[in-house]
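Undergrad: The transmembrane segment annotation in TrEMBL covers 6-25, 37-56, 68-91, 103-122, 128-148, 169-188, 194-214, 226-249, 255-274, 286-305.
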Amino acid sequence: MSNFFVALYAVLPMFIMLAIGFTVRKMKVIEEAHLPVLNKIVFNVFFPFLMFNNIYAFDLSADFNASLLLYAVVAVAVIYGLSVGFALIFEKSNKSRGALIQAIYRSNFVLMGLPIVGNIFGSGRLGMTSMLVTVIVPMYNILAVITLEVFRGESIKITKILKGIVTNPLIIGSVAGILFAVFGIKLPEIAESVISDMASAATPLALIVLGASFEFASIKRYKKNLIAVIFARLIIVPAISLSVAIMIGFRGIDLVSLIGIFASPCAVSSYTMARQMDSDYELSAGTVVFTTMLSCFTLFGWIYFLKELNFF
């Protein structure tokens, strides 16, 4: 029974905050027109502080795990390749192919993965998980830009990709945290307090805004694609990637970090990028909404199952 509650406490707070966001939107406390601004504030202001704070106190010499980082990168690359192959066979429209590929390989690691690790192990042990964000998020972005450009038939601009990486607020916060950790730079106590407070507000705000963004438009047009994405993103991808990780020997917080990468729902940013790059943004919106809703059950299932087997 204790494993049941570990799994429950890992996911329930996140989905309560999503429900709060959905409720306040329905009550007109948050207007639809405000959501893009709120989302921009969360990701451009609060999340960089979260990334910095997680890595700032991270003991690189004691906790850094190169093999975990390597496995995550290789696994994401393999899943991306498989998702491209699947989309080419399964979907005939190039516009929908790009959105479909994004939905399968690109998870909501920052928004859902970090809270899972924090809820189970405590916010003080998020250093290596945040290091994974520093590598995986740019990788997601690079692959997304390449994919969406290819499937809309335009040339890939390397400078545009590099600019997107260098100016990404999550990357800026993470790199700053790494520099402070590597060189042992200590901030004044008041600065640490402000950064900690900003970091603490990031996840609740982001989840509330995400919940407020939910739209349940007609799914008839995308029923086949949505079923395929839900099954692939929430069942097949975690089943394969986590099984291999366990066979390699990953356990404890490392394995839970991988759950955050591979068992989380579709990334919210996949919708934004699909809309900006002339992909099928309506399909992207549907995959984000429905995988996020159903991940309430699948994330609980993966955490409970692996905890029951004493893998963490």
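Think of each number as a place in line: the chain as shown, counted from 1.
Glycine too: its Cβ is placed from the backbone N, Cα and C atoms.
Each of these features: where is it, how hidden is it, and who are its neighbours?
TA: Beyond the ends of the transmembrane segment (6-25), by six or more residues, the same chain brings 32, 112, 115-116, 119-120, 204, 207-214, 292, 296, 299-301, 303-304, 307 to within a C-beta distance below 8 angstroms of the stretch.
Same-chain residues lying 6 or more positions outside the transmembrane segment (103-122) and placing a CB less than 8 Å from one of its CB atoms are 6, 9-11, 13-14, 47, 50, 54, 76, 79-80, 82-83, 86-87, 129-130, 132-133, 136-137, 140, 143-144, 170, 203, 206-207, 210, 229, 232-233, 237, 253, 256-257, 259-270, 283-284, 287-288, 291-292, 295, 299, 303, 312.
If one looks beyond the transmembrane segment (128-148) by at least 6 residues along the same chain, the residues whose Cβ comes under 8 Å of a Cβ in the stretch are 51, 54-55, 58, 63-65, 68-69, 72-73, 76-77, 80, 84, 98, 101-102, 105-106, 109-110, 113-114, 117, 156, 160-161, 164-165, 168, 170-171, 174-175, 177-178, 253-254, 257, 260-261, 267, 270, 273-274, 277-279.
Remote same-chain residues near the transmembrane segment (169-188) are listed as 43-45, 47-60, 110, 127, 130-131, 133-134, 137-138, 195 (criterion: CB distance under 8 Å, separation of at least six residues from the stretch ends).
Counting residues 6+ beyond its ends, the transmembrane segment (194-214) has Cβ neighbours under 8 Å at 14, 17-25, 30, 35, 38-39, 42-43, 45-47, 49-50, 52-54, 56, 111, 114-115, 118, 123, 187, 268, 289, 292-293 in the same chain.
Proximity of distant same-chain residues to the transmembrane segment (226-249), defined by a Cβ-Cβ separation under 8 Å and at least 6 residues beyond the stretch ends, is recorded for 67, 71, 75, 79, 83, 86, 90, 100, 103-105, 107, 219, 255, 258-259, 261-263, 265-266, 283, 286-287, 290-291, 294-295, 298, 302, 306, 311.
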Undergrad: So which residues does the transmembrane segment (68-91) touch in its own chain, when a touch means Cβ under 8 Å and the partner is 6 or more beyond its ends?
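TA: Tertiary neighbours of the transmembrane segment (68-91) are 97, 100-101, 104-105, 128, 131-132, 135-136, 139-140, 143, 147, 225, 228, 232, 237, 241, 244-245, 248, 250, 254, 257-258, 261-262.
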